[in-house]
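Some features that TrEMBL has for this protein:
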- 39-286: domain 'G-protein coupled receptors family 1 profile' (DOMAIN)
- 20-47: transmembrane segment (TRANSMEM)
- 59-83: transmembrane segment (TRANSMEM)
- 89-117: transmembrane segment (TRANSMEM)
- 138-159: transmembrane segment (TRANSMEM)
- 187-208: transmembrane segment (TRANSMEM)
- 228-248: transmembrane segment (TRANSMEM)
- 268-288: transmembrane segment (TRANSMEM)
Amino acid sequence: MDNLTFLHENATQPDFTLTAVTVFKICVIIPFFCIFMYSIILMLYTFYSQRQLWQSGRYVLFAHMLVSDTIHFLSSIVLFLLFKANVQIPFVYCQLLIFISSVSYMVTPINLATMSLERYIAICNPLRHAEICRVERGWIVILMFWIVSCVPFIAHISLEGPLADKDIYSGTLCRKQSANSSPSQKLANVVSSGLCFAVVATIVLYTYVRILLETRKVRADKASARKALKTVLLHGIQLGLCMLSFTYPVTEDIIQRQDIWFKDHIGFLNYFSFMLMPRFLSPLIYGVRDETFKKHMKRNLPCYSSKITPE
């Protein structure tokens, strides 16, 4: 009788543990999501409320990075929750979610490379900076970002085979990794992502070295040159954070192959550390570090704006 009671207690324990862990995950995700969205909305509001900011090509690129990171953040969360809840959705909607997530994922590093080039032009070719980095050209460049970022996904779909043979409205368990089913698709995904990050890393490193050499040559306005140097270095850190999300599919595949009962919990920690945190920290670090942007952003904080007395 005692043994039966012991077995009954052990049988009910996993349900309690599962419930407690699920509640814990929700308590982590929801506040984190709210903080992220509040920070993004605050920074975007700061950008659009200040004429000085939205008439600068540099801050236009930063605002675009906020939007692309938010799109990737939201689409990744939706894919993660659908997969963990074992919810099947029509194939066409699954491909649409993966398309949005994949394209917005590729846009951010390209945006970082362009922001580094903008700082390089400002320091190494200041007389032509206003002409080259006009806001009108910035919007055209942003459009090109999204067009270029669509190319890897289009190549991925072409390697998948004709869609006419598939029922696009049939239910499927949507997961970004499962879309790379064939070896050619996996190879194309690795090559496109690796090539993108290699080119961006080369551009960031090149601009950093050129600005570093420029700071040693010029005697006037060294403060601006050093500030630009720190900004490009910050773009390198942001690129490193983006590359953390590139390692997520590899670590997730390793975790799923392990035959342990808590692998789903490790998978959640892996997702939180390598997918959510980099997208949260990257724009926040830049927005807080930039003195001009931070000054305007602080004025929009409720706790700070109430202390400002009108002149």
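The backbone N, Cα and C atoms fix where each Cβ goes, and this holds for glycine too.
Values in this document were obtained by computation on a predicted structure and should not be read as measured data.
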Mean of pLDDT values spanning the domain 'G-protein coupled receptors family 1 profile' (39-286): 79
Top partner of the transmembrane segment (268-288) among 59-83, 89-117, 138-159, 228-248 - counted as Cβ pairs under 8 Å: 228-248
Contact between the transmembrane segment (89-117) and the transmembrane segment (20-47) (at least 3 Cβ pairs under 8 Å, separation 6+): no
Within-chain partners of the transmembrane segment (59-83) [C-beta distance under 8 Å, separation at least 6 from its ends]: 29, 33, 36-37, 40, 43-44, 47-48, 53, 89, 97-98, 100-101, 104-105, 107-108, 111-112, 114-115, 118, 135, 138-139, 142, 145, 173-176, 271, 275-276, 279-280, 282-283, 286-287, 290, 293
